[in-house]
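Have a look at this one before I ask anything.
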Amino acid sequence: SVGFKAGVKEYKLTYYTPEYETKDTDILAAFRVTPQPGVPPEEAGAAVAAESSTGTWTTVWTDGLTSLDRYKGRCYGIEPVPGEENQYIAYVAYPLDLFEEGSVTNMFTSIVGNVFGFKALRALRLEDLRIPTAYIKTFQGPPHGIQVERDKLNKYGRPLLGCTIKPKLGLSAKNYGRAVYECLRGGLDFTKDDETVTSQPFMRWRDRFLFRAEAIYKAQAEPGEIKGHYLNATAGTCEEMMKRAVFARELGIPIVMHDYLTGGFTANTSLAHYCRDNGLLLHIHRAMHAVIDRQKNHGMHFRLLAKALRMSGGDHIHAGTVVGKLEGERDITLGFVDLLRDDFIENDRSRGIYFTQDWVSLPGVIPVASGGIHVWHMPALTEIFGDDSVLQFGGGTLGHPWGNAPGAVANRVALEACVQARNEGRDLAAEGNEIIREASKWSPELAAACEIWKEIRFNFAAMDTLDPLKS
């Protein structure tokens, strides 16, 4: 019959289209779908496509006022997950017209909005997105990128060294500044506000900024190296955040920091635009990420949060360590590290990358390895992350038995030894401990660090692991 027909019909009749050929301009998504018992995988995949695009639970007469074929999401493929019962990877294509240009906020509101509470699904996880080049070109991306940062700092050929100041809460502004100065003069490139430090009663933000600036200028003058401190500009409102960034620029500080998930993508993108316009580097902390990404069958993988950050804008982002105290398998971590740094990444399921991604010269982001690392980890970190990284030792600097500056010296000596050994052709993975021992003969600071942390390990199985590849 002609006209509107009320009622409920199966999603798969409209949104499951295995014959669909994807377009270069489509946003492609890979969802890990766990249907409720009795729900066919095709219906579950189609439901995801519908609820994250144009669909609702019943037929509505206003469907006739638009072209659903033009705007609907389509589930174009489903494959079972090897080794899992009743779990599937559903591939969904979204037309580009569904998304506002230059808005990570709108992209995520559409793709991972209501659908994650859908009753027909027991669990749902977004594993990867292919962002088309046409959409990427609507984003500014990182304020500066890797090469511009190296040029600003005049530091080449090695990873950069950082340190989060501890205790993270409770220090006065002056004592915090003193700790910053000690670390920077000892040989670190950066120090960092803890992500929880904003403007609390024990240390208001303006005092914090002033004492950090004093520490940076004093520490730069002694060795003649450019230094930085990640001043956390995160605040309760966007206006307050921008006020703090403006003050950092007025003080001549080279880098500010933002907690991009708790602060939100809209605030982050605004800050990234300001940083590019005003010559500030932008360090990004990922506080709250594990709430979203740690469970294997529900939520969103961190590689998506990393891609979104590259689009929204940030020059550094925390990316796990592989060897420290925080979650992260080596292959998975290297997969999203490449997505952050490289211009073109081929799909590679052995590293969790579902789609080939072309960034069309969007600047890269430097991954930051931070969390439970110390001098014995330096060879592995240098080998895993390479030169374009920040290796950040908080307790691994401040916990040195002789104090902050000797802790910084120990880390710098260990790093320089590893870089020299690598450049001479030595195998860091096989000879790492020997390289550190040799260097410690010439550095009493490194020898003391080696002694105190020789037995420290964080040996726990990762929650988020790769699926077995199909034979």
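The backbone N, Cα and C atoms fix where each Cβ goes, glycine too.
Okay, these came from Swiss-Prot:
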ACT_SITE  Lys166  active site, proton acceptor
ACT_SITE  His285  active site, proton acceptor
BINDING   Asn114, Thr164, Lys168, Arg286, His318, Ser370  substrate binding site
BINDING   Lys192, Asp194, Glu195  Mg(2+) binding site
MOD_RES   Lys5  N6,N6,N6-trimethyllysine
MOD_RES   Lys192  N6-carboxylysine
SITE      Lys325  site 'Transition state stabilizer'
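Help me see these features in their spatial surroundings.
The number of other Cβ atoms within 10 Å of the Cβ belonging to Lys166 (active site, proton acceptor), over all protein chains shown, comes to 16. Secondary structure at Lys166 (active site, proton acceptor), as computed by DSSP, is coil.
Taking the Cβ of His285 (active site, proton acceptor) as centre and 10 Å as the limit, one finds 28 other Cβ atoms among all the protein chains shown. Under DSSP, His285 (active site, proton acceptor) is assigned to a strand (E or B) in the three-state scheme.
According to DSSP, Ser370 (substrate binding site) is assigned to a strand segment.
Using a 10 Å Cβ-Cβ cutoff, Glu195 (Mg(2+) binding site) registers 21 neighbours.
When other Cβ atoms within 10 Å of the Cβ of Lys192 (Mg(2+) binding site) are tallied across all protein chains shown, the result is 30. For the recorded site, Lys192 (Mg(2+) binding site), the DSSP three-state label reads strand.
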Would you identify the secondary structure of His318 (substrate binding site) according to DSSP, in three states?
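Its secondary structure by DSSP: strand.
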If you take the centroid of the Cβ atoms of Lys192, Asp194, Glu195, the listed Mg(2+) site, which other residues of that chain have their Cβ within 8 Å of it?
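Leaving out the recorded residues gives Thr164, Ile165, Lys168, Asp193, Thr196, Val197, Tyr230, Asn232, Met257, His285.
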Which three-state DSSP class does Asn114 (substrate binding site) fall into?
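Its secondary structure by DSSP: helix.
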Relative to the Cα of His318 (substrate binding site), which of the recorded positions Lys166, Lys192, Asp194, Glu195, His285 have a Cα no more than 10 Å away?
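Close recorded positions: His285.
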Determine, to the nearest whole angstrom, how far the Cα atom of Lys168 (substrate binding site) is from the Cα atom of Asp194 (Mg(2+) binding site).
6
Between C-alpha atoms, which of these recorded positions comes nearest to Lys192 (Mg(2+) binding site): Asn114, Thr164, Lys166, His285, Ser370?
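Minimum Cα distance from Lys192 (Mg(2+) binding site) across Asn114, Thr164, Lys166, His285, Ser370 lands on Thr164.
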Enter the number of other CB atoms within 10 angstroms of the CB of Ser370 (substrate binding site).
24
